[in-house]
Amino acid sequence: MSTEKFPFDAYALELCVIMFLSLAAFFITKSLLSSFGQVFFRAGLCGADMSKPGKPVLYAERFAYFFMFRPEAQGVVAATVYINCMFLFIPLPFRAHILQSLSWYNPKSTLFVFVQPSLSDSDIIAEQAVLFKTRLIPFLAALLSICCMVFLGFADDVLSLRWRHKLILPTLSSLPLLMVHLANLGTTRIAVPLVLQGLLGTSVDIGFLYYIYMGMLAVFCTNAINIYAGINGLEAGQSIVIALSVICFNIVELNGLEWKAHLFSLYFLLPFAGVTMALLQKNWYPAQLFVGDTFCYFAGMTFAVVCILGHFSKTLMLFFIPQVFNFILSLPQLFQLIPCPRHRLPRFCERNGLLYPSTVSLHVSSLSSVGRLCLQTLLYLGLTHRNTPDPEKCVDLDSKEETDSGEVVIIDNLTLINLFLRLTGPVSEARTAASLLVLQVLCSCLAFVVRYPMAWSLYGQSN
């Protein structure tokens, strides 16, 4: 743990440059999204908007929303801009060492006012060893993991990968991060609440279990956003709320002793917020493009990178409260205890233009004992609803035909979106997305309350 406070003057140039790159990333992404749509369409990467009348395959070039083609997997455009911005930023933390090695470098020149004073050769070698180990290698490992997940996401958009691939590949992609944590002698200790400190001490070393936890965290982050999706603006919207929440948290923590980890997080999240904001403008209702699985995996791994290398995994989970709830609610379907259709997005009713909870038909007798227990528990807690087919209420006719035999039960698909629609009643797509993002913001506010006042009462400190 560092004992010095954050030296703002020493990092002012880096912060200014990363903010400039973030702003540039926003405008570049916005421009490329407008011009690359036709390229993706010609490659066959387009999809139907399931929550619009007639389920059109739409593509909107600028404001011509009525053109009947929509590009898919546009998250790869945002990810490409992001990665290139991060590549451009790499030399900046090492500018003193790079310039010192140039024959024409003059430390007294006003051109190098932001460069550290001239160093001796021995000082350069000593500092390079430390900087490369503590800054360059983690930076490159983080970018490697993000690039791997962008590749997986784009492959999923093109090839529709199976779920086992979506679990295995994120685990492998997190290995560079875990190896960097191990090589830098990162801690594997976890804090113990005050009530247990008399028995266990202030912290407990969980050893190898810590790395298993971090690997599982990477898998969760990359899939949590992907399964909490399906309406215009939700994927990019929840990502920008989480990113801005973590940025605020990092800025607050710059005043603490672990400022280096939070500065590292800021370097990654500021450009991410820039490209995501540009993507959200195009993806908001009525969406002009689809972000695709590429963006979901890209966003999830970016969050995993900053929390693993920034050492604030528990805090990140507080900002993921809606995603955690949606994941837990989805578990019976994800593990096939209850039948799970490929798409669980809300059902659009063309008669009134509103969204209704989507449903799944199941034979209760075909469920395992665990599946029946899950179904009974969900119905008892009101987390799903038993439906009766009614053509006047936009319920699937296929489900009605099956229930005529009396052997099939129709329930809502187990997602937070469907639960929201069940609690509020039919709502338009735009209002649904806006309401869920308001929920995300409220959960972030709750996260800050838990992270600071409650953490002090439970642990005797904010960490």
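Every residue gets a Cβ built from N, Cα and C, even glycine.
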**OP:** Would you please say which range out of 168-185, 240-257 has the annotation transmembrane segment in TrEMBL?
**Re:** 240-257
Original post:
Thinking of Cβ pairs under 8 Å, which stretch from 12-33, 75-94, 136-155, 208-228, 318-338 has the most of them with the transmembrane segment (263-280)?
Top reply: 12-33
Subject >> Cβ-Cβ under 8 Å with the transmembrane segment (208-228): same-chain residues at least 6 beyond its ends >> reply: 145, 149, 166-167, 170-171, 173-175, 177-178, 181-182, 188, 190, 234-235, 238-239, 293, 296-297, 299-301, 303-304, 307-308, 313, 316, 320, 322-324, 326-327, 330, 334, 415-417
Subject >> Tertiary contacts of the transmembrane segment (12-33), as residues 6+ beyond its ends and Cβ separation under 8 Å >> reply: 74, 77-78, 81-82, 85, 88-89, 92-93, 114, 266-267, 270-271, 273-275, 277-279, 281-282, 289
